Each structure stands twice: as structure tokens, then as C-alpha cells.
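Database features, via TrEMBL:
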- 43-155: domain 'Ferric oxidoreductase' (DOMAIN)
- 9-30: transmembrane segment (TRANSMEM)
- 42-63: transmembrane segment (TRANSMEM)
- 75-97: transmembrane segment (TRANSMEM)
- 109-127: transmembrane segment (TRANSMEM)
- 147-164: transmembrane segment (TRANSMEM)
- 170-192: transmembrane segment (TRANSMEM)
Amino acid sequence: MRYRLWRIGVFLVASVPPLYWLYCAVFNLLGPDPGKVLVDNLGLGALILLLITLAMTPLQQLTRWGGWIAVRRQLGLWCFAYAVLHLLGYVLFIAGLRLELVLRDLSERPYIIVGALAFVGLLALAVTSNRFSIRKLGRKWKALHRLVYAILLLALLHMLWVVRADLGEWLVYALIGGALLLMRLSAVASALQRAGVLFRENPKKIEI
Ligand code: HEM
């Protein structure tokens with residue numbers, strides 16, 4: 001397999017933060033509200049991994065190095081894994097395993113509803129990230145995986161609701177996300193232009 005060491009390195013680096021946070025929780029190093037710290041760290045980790053995953057295609061286009069694309073799926077799955085742990089942490093430490101509280105949050109709290117929508121989107125991408133789904137869904141697979149940009153917007157909105165008073169950190173992620181979205185849009189626009197969709201009457205079939 002190509003880029004084997006690079007893939008293993010990425011795997012190891014991505015697995016360190018949750019293990020470190022678990023260690024801190026076991027040895028009481030997370031302060032007076034360890035559950036909340038874990039939930040926040042895992043949520044932020046999921047968002048950062050989403051941004052890193054989205055940066056892989058522009059990096060490949062800039063550097064022409066295939067290693068970025070070789071780890072893109074793995075990074076997307078890591079983002080999902082962090083989001084699963086984030087959700088479990090919420091159910092366990094914030095809702096205290098009370099199902100009625102989770103259901104109430106899901107129907108009343110807009111930031112939880114938005115987080116849940118982002119999570120469902122990530123779930124759809126994770127379960128269809130295998131070769132079988134790519135083959136089975138054909139062109140629909142690409143359309144489905146473009147959902148990732150909507151998921152990014154939902155995740156940013158979810159975070160904005162949580163950090164309302166402290167916008168500094170949120171702005172950094174929002175600007176990076178906005179830049180990645182713009183790069184994607186300009187790549188789509190130039191592909192359409194190349195194929196003549198924007199300026200010609202009979203466009204060729206195109207792959208974006
Ligand atoms: C059903 C799904 C989800 C639930 C129930 C949920 C719940 C929560 C809760 C309770 C908090 C902490 C609120 C506080 O500190 O008071 C939070 C924060 C956060 N969540 Fe989620 N979340 C979900 C999905 C997601 C997803 C899919 C992402 C990202 C991809 C995400 C990213 C974040 C971020 C970035 C924060 C802020 C962390 C910080 O304060 O540094 N969440 N979420």
C-alpha cells in the first residue's frame with residue numbers, strides 16, 4: 001500500500017488526544033467539571049478534524065503530492081469518531097444518561113438540534129465512505145459527499161451558539177472554513193467554465 005508509514009503516522013497522531021484526555025480524566029487533571037471539558041474538547045476535535053479533512057484536496061492541488069488524498073478518508077472517519085465520543089460524553093456527563101432530558105434538549109434547544117443535524121450528516125458520510133458504497137451509489141456518491149460543506153456550516157453554527165460571548169476562537173475556525181468553502185466554489189466554477197457550462201450553449205459532460 002502506498003504512503004503506508006504516512007497513513008500509520010496520521011492514525012497515531014489522531015488517536016493521541018482522546019487517549020490523553022482519558023488519562024487526564026482518570027487522574028483528575030481536568031478541573032472541577034471534567035465531563036464538560038471532555039465534551040468540549042471532543043467537539044472541538046471533531047470540528048478541527050473536519051477542517052483538516054476538507055483541506056486535503058486543496059493541499060493536493062497546490063503541492064501535487066498524493067499523500068494528502070491518501071489520508072483524507074481516514075481523517076474524515078476520525079472526525080466522525082470524535083463526534084461519536086462527543087455525543088456519548090454529552091449523553092453520559094451532561095444529560096446524566098436521562099433519555100427524557102436528551103429528548104427534551106433535542107426538541108427544545110436549537111444548538112443541540114443543529115449539532116444533531118451535523119452528526120446525522122457525518123453518520124451518512126461515514127457509512128458510505130467504503131468502496132462498496134462508492135461503486136453502488138455511482139454519481140450520487142459525489143452529490144452525497146458534497147453534504148460535507150453543509151455539515152461544516154452546521155458545526156460552526158452549533159459552536160457559535162455554545163461560545164456566544166467568546167467569539168475570538170470561533171472566528172478563527174469560521175475563517176478557515178470560509179476559505180476552504182471559497183476554494184471549493186472557485187474550483188467548481190473553473191471546472192464548469194472549462195466544460196463550457198457557463199459560457200457555451202451545449203456543455204460537455206463534466207466531472208467535478
Ligand atoms: C447530537 C449531536 C451533538 C450534541 C448532542 C452536541 C452537544 C454539545 C454540547 C452539550 C456541547 C457543550 C456545551 C457547553 O460547553 O456547555 C457542545 C459543544 C461543541 N460541539 Fe457539539 N454536539 C453534537 C454534535 C456536534 C458535532 C457533529 C460537532 C462537530 C463536527 C460538534 C462540535 C462542537 C463544538 C466545536 C463545541 C464547542 C466546544 C468548545 O466550547 O470549545 N458537536 N456540543
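The backbone N, Cα and C atoms fix where each Cβ goes, and this holds for glycine too.
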### Query
Can you tell me how the residues of the domain 'Ferric oxidoreductase' (43-155) break down into helix, strand and coil by DSSP?
99 helix, 0 strand, 14 coil
## Note on the structure
On average, residues of the domain 'Ferric oxidoreductase' (43-155) score a pLDDT of 97
